[in-house]
Amino acid sequence: MRERLLAAERVKAIEWRDGTLRLLDQRLLPQEEVWLEHESAAEVAKAIRDMVVRGAPAIGISAAYGIVLGARARLAQGGDWRAALEEDFRLLADSRPTAVNLFWALNRMRDRLERMKEGDQPLAVLEAEAISIHESDREANLTMAQLGMELIRKQQGSPQNILTHCNTGALATGGFGTALGVIRAAHLEGLVNRIYADETRPWLQGSRLTAWELANEGIPVSLNVDSAAAHLMKTENITWVIVGADRITANGDVANKIGTYQLAVNAMHHGVRFMVVAPSSTIDMNLESGEDIPIEERDGRELLEIGGRRVAAEVDAYNPVFDVTPADLIDAIVTERGVVERPDAERMAALMSRKRLH
């Protein structure tokens, strides 16, 4: 299966080339494929904040490379470069508050920095760590794809209709994808009849990115407005809703793109199974429940304007980027460490005590 999955890979969003971080500008897809080069931590932080790069794993990977770029600049300046590098850690940490992969990657880079020995080359050590973070995420995606596909096949061996939300493919990760990785694997095994992709307002990640990724691979996909999801579950024999996650707490609550919570509520009402796919770096065991997750809110103009023109006069906008789905609405959380069915605090703790499967 691994070889077939790798052969099917067509899209990537992050490149580390000759000491430069190259990011595919996802704001312009699918009309334009433009790669932007970043050579400083500040540029990477701005790219994360402005959503040049998005998706929790991809944000974490980009931040890790941002620290490499920051270290290069601080070392060139001389003096106490480690103290100066703390400003780059802070700048990157402030770029997006909800995706825990960002903080996980930064903590891993800081830990590696603190473990350096006398005689180590700081830049080489940090670069190797960032590359390891990137490669590990890609391997985790391949493992999760297999595990999630097996869950789908276990329920029903014939082709199924699946609903997904936002974008969780290669564009959101170090390669291949989380929820879309599972969908890709299921397609290769003949388990997909059709994928229904929520458009995902207001940034339209579903229509611009997910539909584009799936169509490029010949996977049958239909786009729907977000508010059609319950109707689809009622009329189109949807068997699974499969989504990613930006943060998962110790009890199994899941923060993901706004609209995920209502999908889970509707899925339970219609008897549709609900799967969350995310690497263990997304799990924050320091937070007891979803009530503790900071929810990012973005500029209301994302709702009030279309193409730079105001469409709703003299009103305010409420624009949270994420919501929290309670664990009791989730059938399975799939990670590279294994699968947790009907997640709760005890099962999540058991999962995190396991070694990685890949």
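Heads up, the Cβ atoms here are built off N, Cα and C, so glycines get one too.
The active site, proton donor annotation in Swiss-Prot covers Asp246 and rests on sequence analysis. Within the same chain, the residues at least 6 positions away from Asp246 (active site, proton donor) whose Cβ sits under 8 Å from its Cβ are Ala56, Thr98, Ala99, Val100, Asn101, Ala255, Asn256, Lys257, Thr282, Phe322, listed in sequence order.
The annotation substrate binding site is assigned in Swiss-Prot to Arg54, Gly55, Ala56, Arg96, Gln205, Asn256, Lys257 on the grounds of sequence analysis. Other C-beta atoms found within 10 angstroms of the C-beta of Arg54 (substrate binding site) number 26, with every protein chain shown included.
In the three-state DSSP scheme, Cys166 (site 'Transition state stabilizer') falls into the coil class. Per Swiss-Prot, site 'Transition state stabilizer' is recorded for Cys166, and the stated evidence type is sequence analysis.
The full span of the recorded substrate binding residues, Arg54, Gly55, Ala56, Arg96, Gln205, Asn256, Lys257, taken as their largest Cα to Cα distance, is 17 Å. The binding-site residues recorded for this entry are Arg54, Gly55, Arg96, Gln205, and the Cα of Gln205 lies nearest to that of Cys166 (site 'Transition state stabilizer'). According to DSSP, Ala56 (substrate binding site) is assigned to a helical segment.
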